[in-house]
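Only one structure is covered here, and it is reproduced in the block below.
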Amino acid sequence: MSFTRQLTKNLTSFKVLAPFAAAVGSVGIAYQYSTSSIMNETGKTFTGNDEWIDLKLAKSWDTTHNTKHFVFELANQDDVSGLINASCLLTKFVTPKGNNVIRPYTPISDVDGKGSIEFVIKKYDGGKMSSHIHDLKPNDTLAFKGPVVKWKWEPNQYKSIALIGGGTGITPLYQLMHEITKNPEDKTKVNLFYGNLTEKDILIKKELDTIAEKHKDQVNVVYFLDKAPENWNGETGYISKEFLQSKLPGPGKDNKVFVCGPPGLYKALSGPKKSPTDQGEVEGALADLGYTKENVFKF
């Protein structure tokens, strides 16, 4: 069963699956929908039920050559989305032939933010949903449903975490980093290792750099580029086993590694998920360094 079909099936049936390890739920482990805590609460747009909700596009702008930042309005200015960290929403549109196209997207806006919800979305060649969203104009609507909880973050769950991402995989990792650093009581150390093809492909770099600058004693961000310019002051090439070995404390109950990115990144560093509900064993560089599925979570 495909990723989005599995998500839709679980939302439709209201099933709450058991957590794996410390997680309350996840796209890669188990889809737990926080219906009990948010159902019927006023001011929350998404409550985990089977209702598709149309949101109006307020504005959008280009952030890279193939990526846009989108702001969708909630029904009321005092409403919040109802999402938690880290969670995503399903999106849907109907083709001229009557076929449903459904895809998940992770917001980058603060879950406590009022009145709107924001996404950074890359347009892929042949991507039906990403192309549709990129074609939206202000006041056009898009159908959303959720939330789909991927990992429920609790402050100080770990002494340190590593966020390893590539391309658009940055969005759930940014969610976690933002959630941790906005809470002065959360002392979790954060290492973000983020790979892209070129400098212009780096998503939400301004936001990442702002957090890193503001929280120098807590957050470390390292960028990797396959094709780096001459004046590049980050890393060049792929995120390697040797690099991870030099930067990570090693597997243990006090730290966790979160991975999100394209198939090649999973293959090289953590191994792929077996299915949307099965994380599978850890493979690749992290396995070589002694990490197991208790130490690694794959978005």
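Glycine too: its Cβ is placed from the backbone N, Cα and C atoms.
Annotated transmembrane segment per Swiss-Prot: 13-35, in sequence order. The feature domain 'FAD-binding FR-type' is assigned by Swiss-Prot to 50-154, with sequence analysis given as support. If you look up Swiss-Prot, you'll see 157-192 marked as FAD binding site, on the strength of similarity to another entry.
Projection of Swiss-Prot feature records onto the structure.
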residue: A162; record: FAD binding site; contacts (Cβ under 8 Å, 6+ apart): N191, L192, F193, L244, K247, L248, N255, K256, V257, F258
residue: G167; record: FAD binding site; contacts (Cβ under 8 Å, 6+ apart): K122, G195, N196, D201, L203, G261, P262
residue: P172; record: FAD binding site; contacts (Cβ under 8 Å, 6+ apart): A86, C88, T106, K150, W151, F258, C260, F299
residue: M177; record: FAD binding site; contacts (Cβ under 8 Å, 6+ apart): L163, V190, L192, L208, I211, V219
residue: K182; record: FAD binding site; contacts (Cβ under 8 Å, 6+ apart): D110
residue: K187; record: FAD binding site; contacts (Cβ under 8 Å, 6+ apart): N156, K159, Q218
*Which whole-number mean pLDDT does the model give the domain 'FAD-binding FR-type' (50-154)?*
96
*All-chain count of other Cβ atoms within 10 Å of Q157 (FAD binding site)*: 17
*How would DSSP class Q157 (FAD binding site) in three states?*
coil
